[in-house]
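> I'd like to ask some things about the structure below.
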Amino acid sequence: MQEEITTNREKIDLKNLSQDQLVEFAEKLGQPAFRGRQIMSWLYRPEVRDFEQMTDLAKVFRKLLAENSFFSHFDDPIIERAKDGCVKFGFRLHDGHVIETVLIPEPDRNTLCISSQVGCAMKCTFCMTGGMGFTRNLTPSEIVNQVCAARDFLANEPADKLIGPDRVTNVVYMGMGEPLNNLENVLTSISILTEQKGLDLTGRRITVSTCGIVANMARLGQEAPVNLAISLHAVDDKTRDMLMPVNNRYPLDELLEACRTYPMGKRRRIMFEYIMLAGINDSDTEARTLARKLQEIPCKINLIPYNESPGLPYKSPGMKRILSFQNILREANYSVFIRNSRGEDIAAACGQLATDETTKQS
């Protein structure tokens, strides 16, 4: 029997809730727990835009949902296409701020690089996003809706334009912001992405990148079955202090110790990301130091030729220098890859995400 419910004064976005939280929400509305699971099964269907489409819910309950809640979408994104097939989306949020998301297609996969904050507080000196400053955290719905929008884009893309599959296969939290400074909302978004009734991605296809927020690393590993990437970029505190102010709070040795104790599955490895900056962190000596410091950490290493950005003083080394660095690490039995830069012509490459509005103001 339907209970008498007092309508909430402020509606909530149901896409901010995990399945467990949807169950709690349904129960607060006087409904059995399974109603929350039913709601989850509808929210992430691309064709569903209204509660009236949730046809296995009683009409009186659909009315109650509409009185107390809504579910958001990202419509009409700004879309830029790179020559190499990458697609950059600009999403305008309800408060007028804009975030960027990048789709990186390959023949066997579509990787979506998503943002977790508006701007970033970490002030890494080589990163355009760091120059924006920090505005606010993204909500779980604002994180997940980036994936929903890219999914819908791919589903509607003509077959002759597709480079990879017609769906998002991989998600990386490597866009604007520091995910571990928005841990609660990131964890909720991961729960939704990996929920079968949500977006049904496996945790092995999701990677969360951090510049080294040691205090939140263990909880991420305990609560989210995803991959971890560490933005390392230097092998000594002096250089890392200069490049990444976070190192003043969490020095290199403390970060690496947290990596050694990080809870992860047996076959999982941490990805260390290392931007190659000419004359700063690219010497053979630094390669040998890196090999020594990463001992006893199951890992692979991604070398990233620096994507030059206007107003920043850094340069990328030549490929000969990068290959020498890679060879030293390989001789020490590390798996080492050189990342191919994608989307440079639309400022969608690593470290280049910064909305035009903020760039013009800075």
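Glycine too: its Cβ is placed from the backbone N, Cα and C atoms.
Source: prediction; values computed, not measured.
For reference, Swiss-Prot lists these features for the protein:
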type: ACT_SITE; residues: GLU100; note: active site, proton acceptor
type: ACT_SITE; residues: CYS350; note: active site, S-methylcysteine intermediate
type: BINDING; residues: CYS120, CYS124, CYS127; note: [4Fe-4S] cluster binding site
type: BINDING; residues: GLY177, GLU178, SER209, SER231, LEU232, HIS233, ASN307; note: S-adenosyl-L-methionine binding site
type: DISULFID; residues: CYS113-CYS350; note: disulfide bond
type: DOMAIN; residues: 106-345; note: domain 'Radical SAM core'
> Measuring Cα to Cα, tell me the gap between GLU100 (active site, proton acceptor) and CYS113 (disulfide bond) in whole angstrom.
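Rounded to a whole number, the Cα-Cα distance is 9 Å.
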> Record lists GLY177, GLU178, SER209, SER231, LEU232, HIS233, ASN307 as binding S-adenosyl-L-methionine; longest Cα-Cα distance in Å?
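Largest Cα to Cα distance for the S-adenosyl-L-methionine-binding set is 19 Å.
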> List every residue in the same chain as CYS120 ([4Fe-4S] cluster binding site), at least 6 positions away in sequence, whose Cβ is under 8 Å from its Cβ.
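Correct list: CYS127, THR129, GLY130, MET132, GLY133, PHE134, MET176, GLY177, GLU178.
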> Quick check: in three-state DSSP terms, what is SER209 (S-adenosyl-L-methionine binding site)?
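In three-state terms, SER209 (S-adenosyl-L-methionine binding site) counts as strand.
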> Which one is it: of the recorded positions CYS113, CYS124, CYS127, LEU232, which Cβ has the fewest other Cβ atoms within 10 Å in this structure?
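Each of the recorded positions CYS113, CYS124, CYS127, LEU232 was scored by Cβ atoms within 10 Å; lowest is CYS124.
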> How many whole Å apart are the CA atoms of HIS233 (S-adenosyl-L-methionine binding site) and CYS124 ([4Fe-4S] cluster binding site)?
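For HIS233 (S-adenosyl-L-methionine binding site) versus CYS124 ([4Fe-4S] cluster binding site), the Cα atoms are 10 Å apart.
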> Find the one among the binding-site residues CYS124, SER209, SER231, LEU232 whose C-alpha lies closest to that of CYS113 (disulfide bond).
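Its closest listed neighbour, by Cα, is SER209.
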